[in-house]
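Summarising the annotation, TrEMBL assigns domain 'Cation efflux protein transmembrane' to 35-255. Here TrEMBL flags 371-391 as region 'Disordered'. Among the features that TrEMBL reports, transmembrane segment is placed at 32-51, 63-84, 96-117, 137-155, 201-219, 225-244.
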Amino acid sequence: MGTIHLFRKSQRSLVGKLTHEFRLVAADRRSWKILLFGAINLICIGFLLMWCSSTNSIALTAYTYLTIFDLFSLVTCLISYWVMMKKPSPVYSFGFERFEVLAVFASTVLAQLGALFILKESAERFLEQPEIHTGRLLVGTFVALFFNLFTMLSIRNKPFAYVSEAASTSWLQEHVADLSRSICGIIPGLSSIFLPRMNPFVLIDIAGALALCITYMLIEINNYFAVDTASAIAIALMTFGTMYPMSVYSGKVLLQTTPPHVIGQLDKLLREVSTLDGVLEVRNEHFWTLGFGTLAGSVHVRIRRDANEQMVLAHVTNRLYTLVSTLTVQIFKDDWIRPTLSSVPIANNMLNLSDHHIIPMPSLKAADNLNPVTSTPAKPSSPPPEFSFNTPGKNVNPVILLNTHTRPYGLGFNHGSAPYSSVFNQGFGIPGMGATQGFRTGFTNVTGRYGTNTYGQPRP
């Protein structure tokens, strides 16, 4: 038998979780207006689809897809309210702001898929153009236009409002902006409406309605049914061109990229942080867009060993918090270590160099009583000299790396290493004693003028 877990919480299904979250959002009075517009939208979509079937107009079908997009925008607005109610959890430590980004991305992508479907149907209709009935065509156009504009202007959709301003302009907006500058040059009072650029959703609603009105007039006058297909293609292209920049912008947010318009400001703040007192280096910086208008980032700061960590952390956070709302700063002190010299012979297997070998020299304490052949007499009573940190003096066994190969310079000098036994057993390189190696030089047969001229005679 399996283990019986007392007081175990029951796991709710996905439908149960969605129902619980919907009740949480519906409890807020701000969402009641959105729910009301959503219900009216569903009724309007039902009537429009019936009129599309009765008129056999694909242009009206393409315009109805904009009403379906309005329904997606209302759902996105509800998700935005839900995100404001939810608090960060251990699973979602940065909060739930990316859900509204995902909702915007999904809505715009679905609108573009609908436009591609219209283009595919329009291509088939060019081969065999059906008859278009104009009985409900104009009625459906004005019903859809009125409801779309009323929804866009009555509901403050924060995610789509931000994306429409932050994303790049569409080709439809650019052409209308050029036309608006010409009109505002004649009538300056219209500059507040048409400039700097119109709302892309309002613009596509008006342009689609204008295309349907032209279609109605041409069919009524000349029975030119092909203009319905041409209008459907125009509405699909305008829909695709309007939604594509928003999809690109929201997709970059989902990919955690750094917005291009804040890169210069971030570089300036990082330069200011690197000049703070105690800061040695700023590295591993990474900044990304968490949600619409929300930046997150992490940075590593290396400071001096004697710097105050809390003080540096406070200054760094104060500088970056003006632009990055969610910031993680890791402070670590400088980990440099004073270099030391080893006074013991190194093993032969520590260096894998073919042209070097290691020779441990014997202790020089036994040679203290001898007369060194140098110009400065030895002072046994003086302490061993020290010139730097842990530098070995004469009482420390040094380690010497020598090259065993003879370099043929062509001058007749032997640059090879002489054995140390010859140094101590052959008269310390005094001239006249037959020494083959000097104490201070590696040359052979060179007169050594260290303290005497000839053997036993003092130097004048």
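Using N, Cα and C of the backbone, Cβ positions are placed for all residues, glycine too.
Comparing 32-51, 63-84, 96-117, 201-219, 225-244 for CB pairs under 8 angstroms to the transmembrane segment (137-155), the maximum falls on 201-219. Long-range contacts of the transmembrane segment (63-84) within its own chain (CB-CB distance under 8 A, at least 6 residues past either end) are made by residues 21, 24-25, 28, 30-31, 34-35, 37-38, 41-42, 44-45, 48-49, 52, 95-97, 99-100, 103-104, 106-107, 110-111, 114-115, 118, 140-141, 144, 147-148, 151-152, 155-160, 201, 204-205, 208-209, 212, 235, 239. Outside the transmembrane segment (96-117) by six or more residues, the chain places 62, 65-66, 68-69, 72-73, 75-76, 79-80, 82-83, 86, 88, 159-160, 163, 236-237, 239-240, 243-244, 246-247, 250-251, 253-254, 290-292, 294 with a CB less than 8 A from a CB of the stretch.
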